[in-house]
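Take this structure first; my questions come after.
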Amino acid sequence: MTGSNSHITILTLKVLPHFESLGKQEKIPNKMSAFRNHCPHLDSVGEITKEDLIQKSLGTCQDCKVQGPNLWACLENRCSYVGCGESQVDHSTIHSQETKHYLTVNLTTLRVWCYACSKEVFLDRKLGTQPSLPHVRQPHQIQENSVQDFKIPSNTTLKTPLVAVFDDLDIEADEEDELRARGLTGLKNIGNTCYMNAALQALSNCPPLTQFFLDCGGLARTDKKPAICKSYLKLMTELWHKSRPGSVVPTTLFQGIKTVNPTFRGYSQQDAQEFLRCLMDLLHEELKEQVMEVEEDPQTITTEETMEEDKSQSDVDFQSCESCSNSDRAENENGSRCFSEDNNETTMLIQDDENNSEMSKDWQKEKMCNKINKVNSEGEFDKDRDSISETVDLNNQETVKVQIHSRASEYITDVHSNDLSTPQILPSNEGVNPRLSASPPKSGNLWPGLAPPHKKAQSASPKRKKQHKKYRSVISDIFDGTIISSVQCLTCDRVSVTLETFQDLSLPIPGKEDLAKLHSSSHPTSIVKAGSCGEAYAPQGWIAFFMEYVKRFVVSCVPSWFWGPVVTLQDCLAAFFARDELKGDNMYSCEKCKKLRNGVKFCKVQNFPEILCIHLKRFRHELMFSTKISTHVSFPLEGLDLQPFLAKDSPAQIVTYDLLSVICHHGTASSGHYIAYCRNNLNNLWYEFDDQSVTEVSESTVQNAEAYVLFYRKSSEEAQKERRRISNLLNIMEPSLLQFYISRQWLNKFKTFAEPGPISNNDFLCIHGGVPPRKAGYIEDLVLMLPQNIWDNLYSRYGGGPAVNHLYICHTCQIEAEKIEKRRKTELEIFIRLNRAFQKEDSPATFYCISMQWFREWESFVKGKDGDPPGPIDNTKIAVTKCGNVMLRQGADSGQISEETWNFLQSIYGGGPEVILRPPVVHVDPDILQAEEKIEVETRSL
């Protein structure tokens, strides 16, 4: 072994001066830095000689068969893998992620790279006498793990998680960070990508998100292509590396985004806010985790209540919202959510393009479920009587309709008023469900055969409440907030209340007239439309339209001081949340009056997010041209007070925000350049990020910037003090007889959130209180071990739980996983066999149509992408009844299968209705057929 290693050492010393521009070599720090850090993975190097490396360099990538140069060979003992680098598909990195083989050598330069340590390794270090170090995860030493193929563990032992050390909870920047702050790395422009670079730098300087990827990088696991979360993890690791590279190239992340969203292909300039939404949507989709919830069945319930209220008093409590629909419209203008299924599957059951809008609705529905349960459980909703009116008289005639839905307003649920005060139906908080470890095991009767029908979330009895799928991710934890809007009919005084989840606020920039209305509406009882900036930008008639355009053009060319008072961010917020009269062409359809009525719409925030993203609507796209509103909007660097926009019954404690970063656009609507100003969290200084250039700037420079997107973070000195107190306790390390396991994700919240919420250990526990089998292989990435005194302090301060002293693989989940895996395999094999037989038929007599929406759910289940089987077959969206016959709806999203395949799926899942297509039968006259045969014979004879 020593001799073989000597070959590599001598060879490496010869070729080290040869340095090529390779993707992985961009990550290689200087040589002295590498020598100062010992790599604990050198003991895994197998025996290899110079001749072996030369022979491998003449070969090809074992996956894509591309030839060198710059192939990478795995150095793991008994592994002969050779893969391509980042100049191609980067199969070498994929191999390392899948096998946890960390050491690889470039067969052209013979330089060695360790994926786990994220640094260059010199093999002559292994020849020394220094003992090997145990592998301990450092705070910023990230290990890129991918999702392994699902295998049921054969044993019930778990790796012992690490004990939390002082660095795990320390939030103070050390002296080295203050002198040479990390995170000051630029991003190279790779073809009009300044919009992406500015957006990435703004997100990179959001500590809750970046710290999640740096400290919980092992949780960036997904089997969904193109694995944006892994590319983002890699980028954050490079940007915040202690070696402080001058700039990096975000090629992998950009290629992944372009694969999913065609908008960003090519080299044209794009919108930074659109890129932000697309990126965060993809990260949520890949990182989301399911949390089981219990919900009333039926889903749509209406409550009858009376409201005889003083209208003026109602106006006092609610300012109007031109509306929450502003953000809806902005979102729709920028395109639908961008998701994609894995296009590289070896077996596509039915070739069909993924319906991105449906997937968008699915996620919006998931996020809706997240916020519904959080809002209702904490009692902040409670029909919001006080927020609507302080004088409410109840009788049995009038109605308050409570709606809860997502931003797209696609999924609406009306809630019983008596349910709103029934906490046992919903969990006590979003992150903690006290029944997760106390619930009885799921039914073991999980499809023992093909005969019994299986229905999703099937209840044992009609009276049982059904389980509803709820999802959360680090994205929703950080950026999701809730708006409560209310529409009051001015005829019958009926009030309809709606909860909407938002990830950013798209604020209008009020003009001079709008500012005058906002500032003059100091009397809250007057019903005045005082913030409908949309009206100012949508005049009726061509003459007014042209004059408005000329006016805005002149305004954009003349300094803002010439036109009147300075517009502040508070003005934009007031315009967004202002009272909105619904009249004229915009009358309210009252469900009680059954007519169009005049109404008033109010809007306030029920829950503020940890990081508030504010988008200023500077770009307006007219019929034939686009314009940019260049009005300067002043914004505070610290102390943004959002108390005036908070709902009265909101449980929010912290409503003050400090600025983290701001994205600016210089230029016109058709061309321009994006930069970002960001505050470094380690030294609290402001920097300008202009592609690969990073420059320190003053606070006044930031305040004078033309803001387009702003990121604000909740400010809490109390949270800072609490973190320091816990860090000091951890540094003392009192001896204790018991050790407690705690979620890494929650610890990240504790370190970076102003309001971390109750402790939640449910991300590594199943509903039975054990570790799910699929998480057993990487449990050390999910938990840390705390001494008893630290746990006691955290638990007494934040509550939650459950307390965990012992980790074990859940036997019940293991049995269920084996059953469900067997079911997947059987259903998939039978479908493939039946579908192949169907494809061989030349002219089938009948076709059975099936909803592609349902089929995609079933396909995700049998391929292991979704843990739950779909519900009954639902063909109602593709079927239409004419003259008593069920026919295929024109343009329906449907697929064609054989009768045998339909019977197979229907026998398992049930549902319907049957939609049958019968190809028309062409009757041929025998005389004509005989004449054609005669002509054919004569032709052949010639």
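One is the number of the first residue shown, and numbering goes on along the chain from there.
Keep in mind that glycine also has a Cβ here, set from the backbone N, Cα and C atoms.
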Of the residues S325, S377, S520, S670, give the one that Swiss-Prot describes as phosphoserine.
S377
With Swiss-Prot open, pick whichever of S439, S461 is annotated phosphoserine.
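Record lookup, Swiss-Prot, feature phosphoserine, residue S439.
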Give me the sequence-ordered set of same-chain residues, not including C74, C79, H95, H101, with a C-beta within 8 angstroms of the centroid of the Zn(2+) 3 site's C-beta atoms.
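For the Zn(2+) 3 site, the extra neighbours are L75, E76, Y81, S96, T99, T104.
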Where's the emptiest Cβ shell within 10 Å among the binding-site residues C39, C74, C79, C117?
C79
List the recorded positions among C79, H95, H673 whose C-alpha is within 10 Å of the C-alpha of C114 (Zn(2+) 1 binding site), in sequence order, or say none.
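The recorded positions passing the 10 Å Cα test: none.
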Does H101 (Zn(2+) 3 binding site) have same-chain partners at least 6 apart in sequence with Cβ under 8 Å from its own Cβ, and which are they?
S44, C74, L75, E76, C79, Y81, H95
Work through the recorded positions one by one (H41, H95, H673) and point out the residue whose CB has the fewest other CB atoms within 10 angstroms.
H673
Sorry to bug you, but what's the C-alpha spacing from H673 (active site, proton acceptor) to H41 (Zn(2+) 1 binding site), rounded to the closest Å?
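Given the Cα positions, H41 (Zn(2+) 1 binding site) is 45 Å from H673 (active site, proton acceptor).
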Fill in the CA-CA distance, H673 (active site, proton acceptor) to C39 (Zn(2+) 1 binding site), as an integer in Å.
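So the Cα of C39 (Zn(2+) 1 binding site) lies 42 Å away from that of H673 (active site, proton acceptor).
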Helix, strand or coil at C74 (Zn(2+) 3 binding site), per DSSP?
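Assignment for C74 (Zn(2+) 3 binding site) reads strand.
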Identify all same-chain residues not among C39, H41, C114, C117 whose C-beta atom falls within 8 angstroms of the centroid of the Zn(2+) 1 site's C-beta atoms; report them in sequence order.
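Those within range, site residues removed, are P40, L42, Y102, L103, Y115, A116, K119, V121.
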